[in-house]
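According to Swiss-Prot, the active site, schiff-base intermediate with D-ribose 5-phosphate annotation covers 85. Taken from Swiss-Prot, the feature D-ribose 5-phosphate binding site applies to 28, 157, 224, 245, 246. As annotated by Swiss-Prot, D-glyceraldehyde 3-phosphate binding site applies to 169.
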C-alpha cells in the first residue's frame, strides 16, 4: 500500500477491527432507546445519526454530521461499537468524531458532500473508516486512502435493494475479471496494470484482490436492505455483513424486524430459518422504487 510502515501497521490494526464485525448487522439509530433495541436484537454495532436516510431524503436540505452530544448519549447507552457519519471530504467532522471516541467513522454519501475533489485521507486517523462503493475502482481507491471497511452504496433510504445488488455484482464481476487475467497468463502484470488504469485503481491493491478473489478488506451490504430476505440475498452474493438503515425503525415492528434481520444474516444459507424469521413482522417500510427516481435524486452517485 502507498503508505509509510507506521501507516501500514495502523491500517492492519484498523482492518482487524473491521474484521471483528464480520457476519454481523449494523443498524442506524437516532436515539439511545433505538440503540438499546438494536443491541438487544443482536446488532454487531450501531450507526448513530440524527436522521435516518429516508428522513434525510424526505426533508432535503444540507445533511451534516450529527450533534456530538447525541452521539455520546448513544455511546453511553450501549456496550457494542458505535459508528457515526461524516460528510465526504470533511476531515474536520472526522477529527471531531475521533475526538469524542466513536469506534468507526463512515465517510458517507448519505450526507451532503463537503468536497467535490477529495475524499478524506483516512490514513491520518486512528479510527477505522468505512466507505461506500458502486464498483471495484471506487472500492480500491477508498482502500488506498485508508478505508478499513467497504460497503455497497446501494440507494439509502429507499427500502429497494436493487442498487445494492447491482453494486455487489459489479464488484464481484470486476474481481473475477482481474482473477482471470492473473490465472490465464504466465506474465499477467502488463494486462493487470492496464486493467488497473481502466478502473483508475492502484495496481498493488487490484493484484491483491485478484489473488484473494475478494476485496482486501471486509465488504458489507448497505442501501435498501429492508427485509430478512434482502439481508440473506446480500450475504449469498458474498457480503461479509449488512448495514440496515431506515428498514428497521421505519417498519411496523422494529424490535421483531431487527431480531429477524440478525437471524437472517446468521442463517443466510438456510431457507427454512429464513422463512420462519420472515413471518409476522408487520409492514416493511413502504419505500421508494429506485427505477422511478430521477438521477439527481440518487445518493449513490456522490463520491468518485
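Easy rule for this one: first residue shown is 1, then count along the chain.
Here the Cβ of each residue, glycine as well, is placed from N, Cα and C on the backbone.
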Between the residue listed as 'active site, schiff-base intermediate with D-ribose 5-phosphate' and residue 28 (D-ribose 5-phosphate binding site): CA-CA distance (Å): 10
Residues close to D-ribose 5-phosphate site centre defined by 28, 157, 224, 245, 246, Cβ within 8 Å: 52, 53, 54, 156, 158, 159, 223, 225, 244, 247, 250
Sparsest-packed of the listed recorded positions (85, 169) - C-beta count within 10 angstroms: 169
Cβ-Cβ neighbours of residue 245 (D-ribose 5-phosphate binding site) (radius 10 Å): 29
Spatial separation of the residue listed as 'D-glyceraldehyde 3-phosphate binding site' from residue 246 (D-ribose 5-phosphate binding site) - C-alpha basis, Å: 23
Cβ-Cβ neighbours of residue 28 (D-ribose 5-phosphate binding site) (radius 10 Å): 28
Cα-Cα distance linking residue 245 (D-ribose 5-phosphate binding site) and residue 85 (active site, schiff-base intermediate with D-ribose 5-phosphate), given in Å to the nearest integer: 12
C-alpha spacing of residue 224 (D-ribose 5-phosphate binding site) relative to residue 169 (D-glyceraldehyde 3-phosphate binding site), in angstrom: 15
